[in-house]
């Protein structure tokens, strides 16, 4: 996609299109599961602070992250293979800025009902199942925060969770509308706009959302600013 933006040719081979789609959905599926794992991490940190190092030990964290990255790979490869075994005829113009499932399926000949149902099932598994787990975690987190006696402690706890919640609602909201919305109601322009959120905007905001709440990063930025001001003076 980056090469395409630089060259402005707007051409992509069938293999490259399938590869792009596969990577987008493998990384998207991993993001869904990682956000759920992060919600659990915050739940343990706030609701069970004394047991945090025992529960979230290095071995468990490695297993959790590995599971998030690997369990979606065979599903997404199978999903992509199923789509690109369809016969394509007529127009070869994808009305999108990358190879997404809805615009690619529009180019396929014949009945695509089974493929659409498979996409819907995968979307339910990776979007609908993890999201309630995140909500349950945050219901317990908020309940624990409200029981804290000190206002400063409550503010710090809410601040810790706010960055993660922002990403969760942006990512799950836009992805759910794109892949769980009934096909007749899908507007092409809206689909492109929503895709920009979870493919471009959220990944761009992630470093700022998470890093600016890190004390070490903020300290480094202050030192850099002081260094620049010192050079100017």
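Cβ coordinates come from backbone N, Cα and C, glycine included.
Pulled from TrEMBL:
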DOMAIN    1-210  domain 'G-protein coupled receptors family 1 profile'
TRANSMEM  12-40  transmembrane segment
TRANSMEM  117-136  transmembrane segment
TRANSMEM  157-181  transmembrane segment
TRANSMEM  193-212  transmembrane segment
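Beyond its flanks by at least six residues, the transmembrane segment (12-40) meets 1, 4, 64-65, 67-69, 71-73, 75-77, 79-81, 83-84, 88, 94, 98-101, 104, 126-127, 130, 133-134, 137-138, 164, 167-168, 171-172, 175, 198-199 of its own chain at Cβ-Cβ distances under 8 Å.
Proximity of distant same-chain residues to the transmembrane segment (193-212), defined by a Cβ-Cβ separation under 8 Å and at least 6 residues beyond the stretch ends, is recorded for 24, 28, 96-98, 100, 163, 166-167, 170-171, 174-175, 177-178, 218.
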